[in-house]
Ligand code: ATP
Ligand code: MG
């Protein structure tokens, strides 16, 4: 409903399509797997909750219609259009709440009693029947909806690519495409539009009075439609005020509706689940889906079927909308769901790893016609799911074994053992990647519980460790300074207003401010007390010119000078509930609450940060230009050293794409475009053509919009920027790597760092050209030189496009060098073989029975075989050892091989392997072989003469065969 929130709050901009809207109806993709709306635990276990489902909605704005019409139309649709037996319907209404100061919703009750007997119109408490807008709704993706009112023809406001509806969908009034992602950590909002609601429940059995089963978690008496009457707004002080205009927001679960239209007792028995169950069954040896629930499903087979089918839909739909499994936030919700499915599939259904990715095409086939984004992104979704599934599968077996042996095995007998200890649950989580809810599920299956308090403490300790490490790295000596809710409320209760940080956009100012509070690792400093030299503290000021870390931009550094002398060296600035906490260590002097200070931001450092931030925006535009619209921003980080930008893209960028991206940004710098910012209402800002906002990011209203040039880039952003692109001076894209499946990361530099990288680039270009000029000379060491240059190049910081071009050129030289070397070696070997012939013949003629040959065949073992053959041809009775330096006189590698004929061995006891070992041991070489022949190497040999002398002395002294 987020797209309609401005209407509910009376903030729709007059003259816009939104303001003109009087009614609408739509279908929304809903994921309820985190936060207040979390149905994950029920999924699989019951027959009517999914983590992903389609919700059909109808809307009335500004009193176009209200309770009576909404109830009339709902009843009409269910009974007269869909033909549902009214004898099975029950309605609830809000029965009033003293605490809220609200009376019962008699109006809704009376509307219902026109259709249903009094006994089937049931008053319920605020828990079930008072509805508040949720923060999660701010996650809604751009507004795309169809609208119609009963009296006017259907009107198209913004239309997605044509949607055709499959039979199941055709049962429903209309369809569109608004994605609501109800996910983790987000909480239900404390403020916003709200009001009583009225739910319609359906009894799957019929012919009875089921009123006591309404809202009682009975699978046969389920809620199908919720009509919400928005007539209040809750303000910051939690007070309810009547809204100037009243609205209706209704939601009906498509799967529940279909289950009753198709005469099924379970949502999972409707047509859209059949192909999924078919596919799972073809991969599972435990038999087909049997529809059993609860204790009847003793092997958990059917629970697993339902969960796996549900989770396949959730993952496929969420990934198609650009979400990615990750370690935090909504990405972690998806990872948890996927791991849960993997566990159900492999442990309970005995499917092979990889089974889950095979379900993606089934979901795409079933829903692709109505949701074309599934078809478009299918390959990518399969890749991501496959990789996620495989990486977890490697841990799954270990985790299951650990659970069986270390946890479950201990259980029997002792009562205390029925609780999984926090450290074991944490080991599963931290080392084996088992999300805690998965461990909890496995514990429940084994009749156990988890020490969740202990687990939370372990998690907290881990967080603290990593934050302390971060602070230690920033010179805070491992002291953790972070305000939690308790402390920000203490500040607010003490009448301390939020920090006025409007001066953060000013440059070169020294702002006078007053210390409002001093926070230390031991709590707040009391009035009258002081913090002194060497203390690690966080200052809260009435106003500040420091930029606190936000939107991917690191915090400003600098100092806060104390009125009476001394200063705080600011090493970090973070905001908590509107309070900027300036953390650092006091250098000289002391400070107490109420003292005057001067904020001295290090603007020369900020001058290096700002261009990195501004060029991040330009880079975002450049990537769209070069790679197309499919690449979305996934994160960014900039500081005074560099900028980092993460985006969705399937494969590595080619050198040409890197070059084009770099050129685009350089061009924008050379054009000296102005960079401007403007604060405007969120709805207006969203309407700016080409505006970029991060998917899933929550933006304030009004929002700050930063523009580069006229149309180069427009982004929602609160960062500090350059005023003209020329201030960035230079730009070098130094790296493009992968951070996760389908997510790439670019690192880039501006200003002096970029110039340095450009100088590096020129140097390497020069050296590469020199290297290339050596190719013609057949320089024997060319390959080595090329190899060394390549190594240096790889470690250097320069343009990634240039790097890959130079790398290719150097590799080509290296290849030519290796070829030249081979050619030269072949010539050397030929020459050497002639020499060997002469030497062996002369040894024979002087009656020698052993010979040490100083060869010139490099360290080429193939050439050594040629030598052996040649010698054996002329002198089959001769024992010999060949010794050859890789590059004569270079002090490098030396090859050694020995041959001893049988007859000589029997007669004298000389053995090739012993001979070789004796020689190599003395010069740090290694090798091996048999008594008849052996081969080895000395990796580094300064004087080959020593090796030869050793070889000769062995045959002389030890065996006396000369
Ligand atoms: P329940 O109490 O059954 O969980 P709810 O009160 O959470 O329902 P609403 O938030 O009012 O439901 O959502 C509106 C409609 O969406 C419901 O009437 C129901 O038809 C459908 N719905 C809600 N949650 C789910 C779910 N997890 N799976 C399928 N349909 C759902
Ligand atoms: Mg619910």
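Glycine too: its Cβ is placed from the backbone N, Cα and C atoms.
What TrEMBL records for 613, 617, 717, 721 is Zn(2+) binding site. According to TrEMBL, the feature domain 'Alanyl-transfer RNA synthetases family profile' maps to 1-760.
Counted within 10 Å of its Cβ, the other Cβ atoms near residue 717 (Zn(2+) binding site) come to 26, all protein chains included. Over the domain 'Alanyl-transfer RNA synthetases family profile' (1-760), the average per-residue pLDDT in this prediction is 86. Cβ neighbours of residue 721 (Zn(2+) binding site) (same chain, under 8 Å, six or more residues apart in sequence): 610, 613, 614, 675, 677, 706. For the recorded site, residue 617 (Zn(2+) binding site), the DSSP three-state label reads helix. Shown in sequence order, 553, 610, 614, 616, 675, 706, 715, 719, 720 are the same-chain residues outside 613, 617, 717, 721 whose Cβ sits within 8 Å of the Cβ centre of the Zn(2+) site. According to its DSSP assignment, residue 717 (Zn(2+) binding site) is coil.
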